[in-house]
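Annotated features in Swiss-Prot:
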type: DNA_BIND; residues: 18-57; note: DNA-binding region
type: BINDING; residues: Gly92, Ile93, Gly94, Asn95, Met96, Gly97; note: NAD(+) binding site
Amino acid sequence: MKDKQFAIPKATAKRLSLYYRIFKRFHAEKIERANSKQIAEAIGIDSATVRRDFSYFGELGRRGFGYDVKKLMTFFADLLNDNSITNVMLVGIGNMGHALLHYRFHERNKMKIIMAFDLDDHPEVGTQTPDGIPIYGISQIKDKIKDTDVKTAILTVPSVKSQEVANLLVDAGVKGILSFSPVHLHLPKDVVVQYVDLTSELQTLLYFMRKED
């Protein structure tokens, strides 16, 4: 996410979508006001963290009144650009890629995978998913990005290919990449990269489980 108005710590930025999700849930449950303790309990953090996070955005609530749920839901929707559809592309249709292709992002948030890519000789190239997402060969990637003006990509290719494919995406105009590869990508500073390392997350979980024994 790129926002020129607010300069916030990375840890706070990572919680923005959680706050948005909670306020959407509160709104659906017809809760009109919520205090920092309620928000903290819903997310699993302490209320001081909530207040500190919110302080970066000015006056979002009033002491003794709490936070207006509808107002904050709208605020975070604007902040996360969730008021309009964001088109996304996926590169790599292995097991993880297939799982993501079948995940209906647009039914939960306003993000939509509109096309996918793999090696030109992949058997699924030239076909569509049951939801109508076309699958193209990697050699078409520049033309397709130019036609659709997609700026965001999900990368689910083997680690040994991740840098090569990421370079191709950046050359084609992509400005944001969500990478499922544990390999650190060396890209221009104006390209935003987020990493999802499932193995690392699982190892961290197991560490804390052993710590509790």
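The backbone N, Cα and C atoms fix where each Cβ goes, glycine too.
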Cβ-based neighbourhood (8 Å from the centroid) of the NAD(+) site, residues Gly92, Ile93, Gly94, Asn95, Met96, Gly97 excluded: His98, Ala99, Leu100, Asp118, Thr156, Val157
Surrounding residues of the DNA-binding region (18-57) on its own chain - C-beta under 8 Å, 6+ positions past either end: 6-9, 12, 65-70, 72-73, 75-77, 79-80, 82
Proximal but sequence-remote residues of the same chain as Met96 (NAD(+) binding site) (Cβ under 8 Å, at least 6 apart): Thr156, Phe180
Spatial neighbours, same chain, of Gly94 (NAD(+) binding site) - Cβ under 8 Å, 6+ residues apart: Thr156, Val157, Pro158
Collapsed DSSP category at Gly94 (NAD(+) binding site): coil
DSSP helix/strand/coil residue counts for the DNA-binding region (18-57): 28 helix, 2 strand, 10 coil
